[in-house]
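Notes follow the structure.
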Amino acid sequence: MPARRKPFKACRKCRALVDKNATECPHCGSRDLTEDWEGIIIVIDPENSEIAKILGFTKPGRYAIKVT
Ligand SMILES: [Zn+2]
C-alpha cells in the first residue's frame, strides 16, 4: 500500500493548513508551504480558546500543531 499523502499543506509562517494544491497561504500570503507537519487543531473561536492563545492563532481555521 502506498503511503497516503496528506490532503493539506501547512504554512511555515502562521501554521495554517491550506489545500495541497494552493500556492500561497490565504491567511498571511506566505508562499512558504510544506507537507512536513503534524497534528491538526481546528480553531473556531480564537478569542475564547486558551489553546489558540497559547499557540498564537488569531483567526478561525485549521492549523498544524507542529511544522518542521
Ligand atoms: Zn500563513
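Just so you know, glycine gets a Cβ as well, placed from its N, Cα and C.
Copied over from TrEMBL:
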type	residues	note
DOMAIN	8-68	domain 'Spt4/RpoE2 zinc finger'
BINDING	Cys11, Cys14, Cys25, Cys28	Zn(2+) binding site
Shell of the Zn(2+) site beyond Cys11, Cys14, Cys25, Cys28, same chain only (C-beta within 8 angstroms of their C-beta centre): Arg12, Lys13, Arg15, Ala16, Val18, Pro26, His27, Gly29, Ser30
Number of Cβ atoms other than its own within 10 Å, given for Cys28 (Zn(2+) binding site): 13
Packing count at Cys14 (Zn(2+) binding site) (other Cβ atoms within 10 Å of its Cβ): 20
Neighbouring C-beta atoms (10 Å sphere around the C-beta of Cys11 (Zn(2+) binding site)): 25
Spatial neighbours, same chain, of Cys25 (Zn(2+) binding site) - Cβ under 8 Å, 6+ residues apart: Cys11, Lys13, Cys14, Ala16, Val18, Arg31, Asp32, Leu33
